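A.B. asks: Okay, handing you the structure first.
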Amino acid sequence: MNSVQLPTAQSSLRSHIHRPSKPVVGFTHFSSRSRIAVAVLSRDETSMTPPPPKLPLPRLKVSPNSLQYPAGYLGAVPERTNEAENGSIAEAMEYLTNILSTKVYDIAIESPLQLAKKLSKRLGVRMYLKREDLQPVFSFKLRGAYNMMVKLPADQLAKGVICSSAGNHAQGVALSASKLGCTAVIVMPVTTPEIKWQAVENLGATVVLFGDSYDQAQAHAKIRAEEEGLTFIPPFDHPDVIAGQGTVGMEITRQAKGPLHAIFVPVGGGGLIAGIAAYVKRVSPEVKIIGVEPADANAMALSLHHGERVILDQVGGFADGVAVKEVGEETFRISRNLMDGVVLVTRDAICASIKDMFEEKRNILEPAGALALAGAEAYCKYYGLKDVNVVAITSGANMNFDKLRIVTELANVGRQQEAVLATLMPEKPGSFKQFCELVGPMNISEFKYRCSSEKEAVVLYSVGVHTAGELKALQKRMESSQLKTVNLTTSDLVKDHLRYLMGGRSTVGDEVLCRFTFPERPGALMNFLDSFSPRWNITLFHYRGQGETGANVLVGIQVPEQEMEEFKNRAKALGYDYFLVSDDDYFKLLMH
């Protein structure tokens, strides 16, 4: 698979108009897509009207599924641009100076760089963990928040700060405000679990619950900032926030014992990887800076692929700490010039890495906190790396307790130690016994069977496996006995919903199958029913909570083909994210 060739970036961080021997004003940290014209005039000059600003280009909206590649493969590799090769030395020094002179250690610790002995032995490399989960708020986020806030003028800080967040950034801002003696308002979605907003409140901040989503909370926070004179503290897209996160890279280069092959960094909005790259690539350019994203929340990979920032039309919410639809402007500018590519990992792999960390250090990471570890392991396996030093940043440990159920269910699947299978079995005496004999000594961890009126039934089951050959041998035994067997392990639809709905097949006509994301708040179900019932008959409903990001709901609705346009209009008006899965082969196998 070839690396993606990106168009050359226009190099201009500083846009200004000036005349010889006149003062010059420079504005840093604006991309070439948002140029600002500035006229600096002496007293004897007449006023000059700058050209009208160009309207911003509409952002490209894309699906996460439009860019997928094998686990561990280093994709979305940007071509080095002229800006990267001949970038401003002054700009590079600005970030380096900011990082080196930071005051984040007023509040943050220098987190340890620990060897993961069990993982290192299993992979044949020296795997080091940068333990940002050990920070006072169990996340790296306080570094960037504090670095920006401590630099605010005293009069501005006295007015207070505001931010929007459902998690780690909120705690970072709240703790920083407490340290600096200023007020902080934290706007969080109403779907935020009580344990999270109470943790922020306990740090002394004022919590405002607003909106069903982060976007709504952010919009409200920015309005309040404007109306009340508060300073908005962004979660990632600000030079001082980026520099604060960059101290992680500074520490790694100081703590590393021997040359590093790569540093694996979880990517959401891009603040952490931009900061690390801004430092490490200037002092140790040979070290690879590799981003890791969930396969269903790959905004950075897609932005690098298209050569511009894009917006995801949907974003997976399991790793909620990195579940963003759009990366930052400044973070993208730095990342496309300095990072080496992106590794994509599945939810199963993230769960496996949470288990790896528990077995290694007896600590439980949140999904986003285990993301880099999952990417590092997949990368080492894919490229067959041996005897090199790699670092994975364990970025956070604010685990939502409700998600532990999902983690325990999927961890062995992610380790490729468990497989989910379906076998078609004839409805006749003795067939069940024959099936069990063919499974043989393999451990069955889950088994679902329901007698059907049809000539054959579907058995859904999970088995423990030690090698890929063992699984292939089982499938071969089944097929040789005329029992068709399908491996369903990679299907999220099966693992989230269909495995719990084994009550027999249905012959319902005109059934439209959809996966909706319901906000976790009272009244969400009734809002849904008001949109579709009694207009159409609901034929299937399965709810699966995933924590604060919302509930994953599988819905079947009888909608005649000629009424599909009306159905889509009602679904759009409802405002819940959804997509159609009616044509899924596994749904047809198990349910129809």
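Just so you know, glycine gets a Cβ as well, placed from its N, Cα and C.
So Swiss-Prot lists these for the protein:
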DOMAIN    419-490  domain 'ACT-like 1'
DOMAIN    512-583  domain 'ACT-like 2'
MOD_RES   K141  N6-(pyridoxal phosphate)lysine
TRANSIT   1-91  transit peptide
A.B. asks: If you draw a 10 Å sphere around the Cβ of the residue listed as 'N6-(pyridoxal phosphate)lysine', how many other Cβ atoms fall inside it, taking every protein chain shown into account?
C.D. replies: 33
A.B. asks: Over the domain 'ACT-like 2' (512-583), what is the model's mean pLDDT?
C.D. replies: 85
A.B. asks: Could you tell me how many residues in the domain 'ACT-like 1' (419-490) are helical, how many are strand and how many are coil under DSSP?
C.D. replies: 22 helix, 25 strand, 25 coil
